[in-house]
């Protein structure tokens, strides 16, 4: 029974021995057991265990500890760590025993103190330069287990490691004045490195604001309540006997700028505005000046009024002043971090000294061309200061914005040729005068003018001629006039006159109805003869007429068909299968001929696209196949005649399958294949044949020849008794055609012949109705094992032999005689 239960559970079997194995117990639980003896009379009293028994595996010593590692080595100590054993032997580890052995000695010596359970230990008191190896064992209540694997031999000497430096700050740091900042990081190295802080190559010293803190692994420079003078390039150096590492940080302590430098200079003074200037601050606060804030104050009032806060220049125009009043100006500098104290000017009265020039009178425009005009004006009053420049402006009359005619100064002349006008546009012009005070008002605008050359009537059109005719129309063509009179040709007027009449009739009423150099005159009477003439028209008027040289009789014109072949029909056309076949020709004839395409005197394939236009025809077949090859013909026909051209089209493709594949001369290791060339070579010479074989039990075809130009092949190296299939394909430059395959497999065996005659046939016994015969094997079996012997008999004097039976052995008893 379990120790915490009262009920007893019988074990499932009865034993006759004085011992028993009890199974099915739960590990970690405690049990009581009892035993009773039994005979045929009955069961005796139970004997019970005195105390509970805990079920667990038998306890052994622990396994060896794992991962014994050397962590640090100095000249007189070694620090080691390890992990516990994978199995503690069934009992908790009570302590670890660390042992060392001096290399060259045989014995290990214990170095740990009693009852040490830590898995880290520093062995001290070692001798510099000696070499040791170490091992560790685990102990439980049973005893000490196996030692771990030994460390590698370790020589006692100080470790050397070059310094490392890991910084927490970036290359640049911006700090506001009054704020604290710190530069921190981590470092390492053996022996312990020396840490030095520099600012602009000068050693940093601690004071009330500057604090330096260094631990064995960390470093820190902290500055409280930073000032502008803390700006600089900071450098931390970590150095030991093996080398050094440096880290840098450019610290910029920023503040609002100092005031601009005075005095404020009044460069120009007028009745309604002033221009002042000043110098930038000595200290920009560590950040670029973003703008200046300028304010003005009437000395009769206490109120400062803003002028601008958007200027970055050190000069400013102070506008909107009252004439005769005295003003003060104050100026602030601003950067990203604030606004400086102000610079305040002396008092200055607003009054004019000089003024800008007066406006010139209305200018006069001369010498107008299609892209330029000359503007002429008179000099105005200069305002007390000499005129230094004139500004000429132009404007299209429908526009609202005036544009300067040139960026260059115009002086001292009072006329200017304005370039870059747009032909046909209408322009106005005005002029302003400028002195050192400024630019005066502009003159009144000039009278508007059109930008165009002076126009004359054009010369007559050139070479008018009749180029075509029908029974009620004539097509005329000509060339433009040699001279357009400096005006755009609006169009042409066409006139005609019946021969014998005096009156010319207009074919078109307005010139813009014929802007091109050709025209079809319609509504004429068939059979009559007409004269024609053409006039050119521009804005100045009509030119003199140009006459068609000869009168024209109005009737239908007949021209027999004519074919002008494109390159794709000039010779035999080769097209690769899958590409597009294109045949085309230019067609002429009046009236336009009827177009017919044929292939071998039949209709062309429905997949052919045929296009007929007023100037020619085109046949196109996409994704050509071999069957698209053949002789194509194009026929054109009208009442004046017909014409036909032909072109042979060859569609180049892979060849067809070889024909009549035959197998002969079969042997146990070879056979002979023959075939005929394909019916269709694909339009290209067959370059070679590919021969392959396959064991009928295999799925894989094996190539046995791929370069043969002959139509036969001896297939060698067959396996005797194996059944084979063969296949052959033809190849040309466009690829490999389909295979032709043997219809049934052939077996690789030598040919069979009938065996020779049995030898020495004689009888060995005779009865009245039967004869016992024996004989010997024949000399040859014909290439295969003999399967039996056919026995026949013949009655003496008869012609026919009678079959008795076939026997497998060399004897037979013939019965029924």
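Placed from the backbone N, Cα and C atoms, the Cβ positions cover glycine too.
Look at the domain 'Fibronectin type-III' (1-58): DSSP puts its residues at 0 helix, 16 strand, 42 coil. Per TrEMBL, the feature domain 'Fibronectin type-III' maps to 1-58 (among others).
What TrEMBL lists as domain 'Fibronectin type-III' is 64-159 (among others).
Annotation comment: TrEMBL describes 163-252 (among others) as domain 'Ig-like'.
For 259-353 (among others), the entry in TrEMBL reads domain 'Fibronectin type-III'. Counting residues of the domain 'Fibronectin type-III' (259-353) by DSSP class, helix then strand then coil, yields 0 helix, 50 strand, 45 coil.
Residues or ranges marked as domain 'Fibronectin type-III' in TrEMBL: 359-454 (among others).
Summarised as a single figure, the pLDDT of the domain 'Fibronectin type-III' (460-557) averages 91. Taken from TrEMBL, the feature domain 'Fibronectin type-III' applies to 460-557 (among others).
Under the heading domain 'Ig-like', TrEMBL lists 561-646 (among others).
The annotation domain 'Fibronectin type-III' is assigned in TrEMBL to 657-751 (among others).
Annotated domain 'Fibronectin type-III' per TrEMBL: 757-817 (among others), in sequence order.
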DSSP helix/strand/coil residue counts for the domain 'Fibronectin type-III' (460-557): 3 helix, 44 strand, 51 coil
Residue distribution over DSSP helix, strand and coil in the domain 'Fibronectin type-III' (657-751): 0 helix, 47 strand, 48 coil
